[in-house]
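These features come from TrEMBL:
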REGION    253-311  region 'Disordered'
COMPBIAS  253-282  compositional bias 'Basic and acidic residues'
COMPBIAS  296-308  compositional bias 'Acidic residues'
DOMAIN    379-427  domain 'PI-PLC Y-box'
DOMAIN    429-558  domain 'C2'
Amino acid sequence: MSKQTYRVCFCFQRRFRLAVTETPDEIKDLFNQYSENGIMTVDRLRSFLIEVQKEEKATDEDAQAIIDQHRHIHRKGLHLEAFFKYLLSDSNPPHQALRVHHDMNAPLSHYFIYTGHNSYLTGNQLSSDCSDVPIKQALEKGVRVIELDLWPNAAKDNVDVLHGRTLTTPVELLKCLKCIKEHAFVKSEYPVVITLEDHLTPDLQAKVAEMVTQTFEDILYTPGPEGLKEFRSPESLKKRIIISTKPPKEYLEAKEVKEKENDAQKGKTSGDDSAWGKEFTHLKSMSVADDKHDLDEEDNNAEEELDDGENKLQQPEAPEYKRLITIHAGKPKGGLEACFVVDPDKVRRLSLSEQQLEKAVATYAKEIVRVHALTRQITNYNPLIGWTHGAQMVAFNMQGYGRSLWLMQGMFKANGGCGYIKKPDFLLTTGPHNEVFDPKVKLPVKKTLKVTVYMGEGWYYDFRHTHFDAYSPPDFYARVGIAGVPVDTIMKKTKTLEDNWVPNWNEEFEFPLTVPELALLRIEVHEYDMSEKDDFGGQACLPVSELRSGIRAVSLHSHKGEKYNSVKLLMRFEYF
């Protein structure tokens, strides 16, 4: 593998010397500092773990375990090659150990919850198959909210799950329910919420109630005859199933708005965006006047329909079905402002599309934060806007890919990947003067994250040698940045290194953070192409709150979030 040949045309070939993985100079300097006679012994390695890696509780036993795993010839310690191998190994990850460490005894509304959208689809929302397989895959990734759209079957005597008014092929509801029961608690013991988008007649609602109760038996949580006035905690609901519903009319409105938003985005991206997925925008650049979906008008129309006697469509009629529902969804009368009125005696879920939320945020930002902090509600929003305003449920299609899904996957690496993340205190309480957190307000910098991108490797083993460029080795660059509140959000870029499978960038970036609790570190690698769009080379997203200091091996993932076998970056994280 010392040289690699690329065919330029029928008669000519180009040969390139393959770069080998070399230890960066800074790593060599650190090894020399913590070694003696070319060997890093147990006590020296322990000092390195404490002083450089900031693992204050590191013991001699921890150091010995690393030596035992990575030593080559020397039994008493690591030489430079073995030390470098350890730094690039899976045993040196950038995030904290996979264990639940948040307080899990607060009400459900105090948590961000890993939420799926159209959880049953195998592909696109118009013509793909519906199946229980995507549900299984989502649960195994830690998703805690599963959405099922319920429609009568062709014979009107049973219930199917499908994306209504499309060409998607249905799957039987019972098959989906059995799949949820089998896989609900494989990844996490914490409760699973099933959101039923109900388009059924009362007799079929009764049939659903029978299937749900017989399938889940004693693991099904029901609120009792008086209903639920306060959410229970995730800890108290371990290994329980919770049912939530959304009225059909509201569901269809939200779907239509979402589909219009998706259509509006088609054809807008180019260059870097077309290769990576749409880059994020912020509220400060949003024009409310351009929003075609007037919430107040929509809600007033909804009120008129309710007043005209159409409210029978807004609530399930079968009593045995109604008794199963723990979390009711719906918009109150009174327009947009009424959605954010604090009512401590009601447990409900408010659902808005991304465009609707953006308009609401522009006018009612503080009310949105307050309503999530003081009442028991769960809502569905997009990540950057939703999370910074305290929204508990941000729903995404898990069968897709793109930057938004990468953020979702990165966010829920936190707290052991259990699917529940405790919201920061400032999203749950008011200040001394009854003020609430406003993500648009520029706050003082709490900490600065310094990121060093040393090098990357592994593409040679995971991709064909002509995958990135048919005529030469790849020209990689990395993008590193923060997703969070608008003032913290930024992306920076390394230089492009030409014709190199093992890029050694050795570049530093600093990120001042005003709200580190809501910050995600974004890492993307790209291959520059002068004549066409740049090629995707991998991505990772990590919660800053759980980012470990020191030199770490960051595994990169595909568009769909699947971890590559070999592709990694060697990076260093420091706080000051």
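Note: Cβ is positioned from N, Cα and C throughout, glycine not excepted.
Any TrEMBL annotation is an automated prediction that lacks curation.
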Item checked: Mean of the pLDDT scores, which run from 0 to 100, over the domain 'C2' (429-558) -> 93
Next item on the list: Using DSSP, break the domain 'C2' (429-558) down into helix, strand and coil residues and give each count.
Entry: 10 helix, 57 strand, 63 coil
Next item on the list: Please spell out the DSSP helix, strand and coil residue counts for the domain 'PI-PLC Y-box' (379-427).
Entry: 21 helix, 9 strand, 19 coil
